Every structure is written in structure tokens, then in C-alpha cells.
């Protein structure tokens, strides 16, 4: 603190408390809604204090789902989302770390070309190539499968850049010593690079897990079979029903469960999360 | 010796001599890139010059007709306008709010960590969830916000009022993005040397003056970086918010470009037009990425 200004300190806390309130309020009200019975949303104003139907709402959504929406039980959709998030995380890290290794530790014709090919993926988000990508996946017979949900999202320029940057900071003496001791490239990778990259892998995993979990457009395109719905995309089906038939309590229970895993990851691993975010961001 | 090349393409001084191994290591990433990124993007470019009959049986080469038709289509021009308004509003709201909170947290010696934890978690909330949360709060029948607004004489109904629908989307999209901007602003503020601010304070500059003459200018690299990221976010990552809540309506008031590509291509099966729209979006992303990387390179020299 540079100077003592008590009123400014009070104002600072007021601003922050108000900010936190705005950030938390929608989630609080969603939670409240998820603890009431069906009748609470027909007229008047939405409830502001928790009700008594929490166990019933979450229980029925988790095991049977919202019958009218044609969406499966939340347990299945959360499982699918988990599979998708984990496969994407592991896949992106695995193929990116070996690509970065190839680009940094070898010299071969086409190196620059391959680097630019990976770089270009940054400029081609799914949103801008929806129809042709859908066609490719359909032609490969990967609609309604875990492979279709995950494989097309696994290429990662950002992860490759992060590992490339990290490898550049490692001293050449490390490689020299390994080569003098007779280590081949795979052994060097496994016994030296991989252990050194542990923190980076962990930080990146947090970011990529969230990335995988919140995917919406892609699952929407490649799944028509409810068995492969993920929870985040499944919310849309429930919302469509809620507009006509106000079952906000059930929709909000689904919303809470869709939020919970990634938000827990951020809160419990805040240090890794911040590191991963600030360092990976392009 | 050969250290004059661009820093981006450096290798190690000590390298492994293998000739085949690097290709094997790159193979998975390159295979996925080619099959799911480059090939479809190329297809989009090709079909943006074609017109297909509705059954996809025959197609004719029509040069730039798909593009010229787009810009003559009032719905597309409207969509461009809506997207620009949306991107500017989201970027401005979420960055201003985040900067205010970051400056406040940066003033604190204690409790800063607690506030940070309470503010960062929305990063993990899916955009569609943010959209549905605010859609619920804005519900014209039972929502708390229309209820409060009615005391101010506002009759909220985003189902028929385009401005209301737009405001709702801006609030939802900004709310989700505050945490991200906040983290980067806090990091930026912490990298400003304490001594500069102390010197200004000794010279008699008050908190407001210090902010506008020292802190804000020194924060400009962070601000510029976030500007690009936020425009990118507002243009592309908000598809799900629109899709799950307003569906582009009422009367196209929230029909942002990414949603229109989807609606025309997947729902409307107008492949040529959708492809031309995809190509235009690609050029926007390329421009944004270019600006961003130009800037990142400059930051290295700082």
C-alpha cells in the first residue's frame, strides 16, 4: 500500500464484493431453482431461497433424465462428457509433445512446412468449417461414436507451441550429456524430457480438460444417438422443452451438474490452472 | 553461426541424426490436421465457388456468385452488423468490468487471493450454460430481472424485442468472459514496477491520476492482447449461447455470423452460400491471428 486512504480501501472492497455477487448470483439462483418442485415456476417470480426438492430433482435427473426432452439420464451424459474431455486431453498432449520434440530435436526436410501446417489449425476453428468437416466425419463412418467425438479435436497448435517453447529453454548440455552416455532419441525423450515436462503437462491438462468438457457444436453435429450425447450439448434439448413446459427445476439441476466438474477442477487446481492459462494462451 | 533466422524456427545445437523418426513423431498430428482441418477447409473454399442443386447431384462453377449474392442479401448484411455490435459490446463490457476488479484486487495486500478464487471459476462454465443461466434470469414470465426492471417501467420481453434479446446475450457472454480478462489484467498489473507508482505517489499524484497516466498506458500490451482474444471469443465461441437461447431471433436480431453459417449449411442445406460464409469467417480469423502474432513478436522486444 502506497498511501493510507481508508475510504478508498472501503470502496475497493465494495467493488470486489459487488463483482463477486454479480458473478455468483446466476449460479446461486440456478441452484435455488434446482431445489424446488414443478409448481414453483408457473407464475409469479422465481424462488429466491432453497426449497426441499433437491434430492428428488437431482435423483430423477441423474438416473432417468428429462423424459420429454428425449435426452438420456444425466449420469450417461456426464460419463460421455468425461470420456470426451479425458481422451481429448490425453490425445492432444500426447501428439503435441512428440511433434514439438520432432521439430526441436531433429533437422529434416519439410520441418518448416509441417510447423506451418500445425500453425494453420489455429486459424480454422470448427465454427468456420462446419459443413465440410461434418462430411469428412460422416464419410469415415465416425458419426455417433467416441472416435468421432474426440479424434477431430485432437490436433493442437497451442499445445505444440507450449512444448516447443519449453524445450527451447532446456540447455543443450542436457542432450549432449545424454548422447555421450549413449542414450538414443527415444530414451532421451522418455527419461529426460518427459519427467522435465511434468509441470507443463499438468497445467495444460487442466486447460484441455475444460476445453473438452465444454465442447458444444461438435457433439451437436456428430451425435444423433442419445447414447452419445454429452451433458453440455444435451442442455439444449432440455431448454427447448422448458420454454413450453416450465420444468426449470430439472433444467437447472442439469445445468448445475454440467458446471460442477470443470469448476471444481479450476477451484481445486487454481495454481496449475492460472499457469496453464497464462502460458498456453497463444 | 546460423543464428540469424527467425527465432520461431530455431532448433537445438545438439540434435539427433535420425532420418525417419521425426516423420513418425509428427505423423499423428499431421494426419489429423490434414484430414480434419486442411481438407475440409479446402472443401469449403472449393464449394464456395460452386452451386449445387438441392440433392447434391450436380454442381456448377459459378465464380464469385455465392459471395456477391451474400453481400446483396440484406439478411447477411444485417448479420454482419449484428455481429459487429455484439462483438464490440461484449469486448467492452467484459474488459471494463474485469479491469475494474483487477485494479481493486491489485490494491489489496490481504484477501486478494480469496477474491481471485471467487472470480475466476466462470472460466470453466460452458458458454451454453452461461447463456441458459441468464436466459432463466431474464425469463419474461418468472425471471427475477424482468420483475426488477418492471419497477423501472421496462416491459422486458426478449422473445419479441430484438434489443432485449441482444442485451441478454451480451450480458451472458460478458459474464462468462470476465474471469479470463481478470486473470490477464491481474498478471499485467503485477508486472508494472512498484517503484514507478511509488515515485508518482511521492510527486503527489493521486490514485486516479496514477491509474490514467502510468498504470493504464503500461497495461496497453495486455489490453491489446485481450482485445483480440475477446473479439475472437465474441465472434466464434458464442455460437452455443445463441443456439440454445434465442436461435438467432427475434427476426434475426441476434443472428450472428457463426450461427448463420450453421443455420444455412446444416439446417438450410444451402451448401454454396454456407461455404462462402465459412471462407469469409476464415479470413476474419486469419486477420485476427495475424494481428495477434505480430503483436506477440513485438512484445518479445519489450
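Backbone N, Cα and C atoms are what each Cβ position is placed from, and that goes for glycine too.
Pulled from TrEMBL:
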type	residues	note
DOMAIN	A:78-269	domain 'ABC transmembrane type-1'
TRANSMEM	A:7-31	transmembrane segment
TRANSMEM	A:81-106	transmembrane segment
TRANSMEM	A:113-131	transmembrane segment
TRANSMEM	A:143-163	transmembrane segment
TRANSMEM	A:196-218	transmembrane segment
TRANSMEM	A:248-269	transmembrane segment
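Sequence-distant contacts of the transmembrane segment (A:143-163), counting only residues of its own chain at least 6 positions beyond either end whose CB sits under 8 Å from a CB of the stretch, comprise 80, 83-84, 87-88, 91-93, 95-97, 99-101, 103, 118-122, 126, 133, 136-137, 197, 200, 204, 208, 212, 215, 218-219, 222-225, 227-228, 230, 279-282. For the transmembrane segment (A:81-106), the residues of the chain that approach it from at least six positions outside its boundaries are 114-115, 118, 146, 149-151, 153-156, 159-164, 166-168, 175, 185, 188-189, 193-194, 197, 201, 204-205, 208-213, 215, 219, 230-232, 258, 261, judged by C-beta separation under 8 angstroms. Tertiary neighbourhood of the transmembrane segment (A:113-131): same-chain residues 99, 103, 152-153, 155-158, 160, 217-218, 221, 282, selected by CB-CB distance under 8 Å and a gap of 6+ residues from either end.
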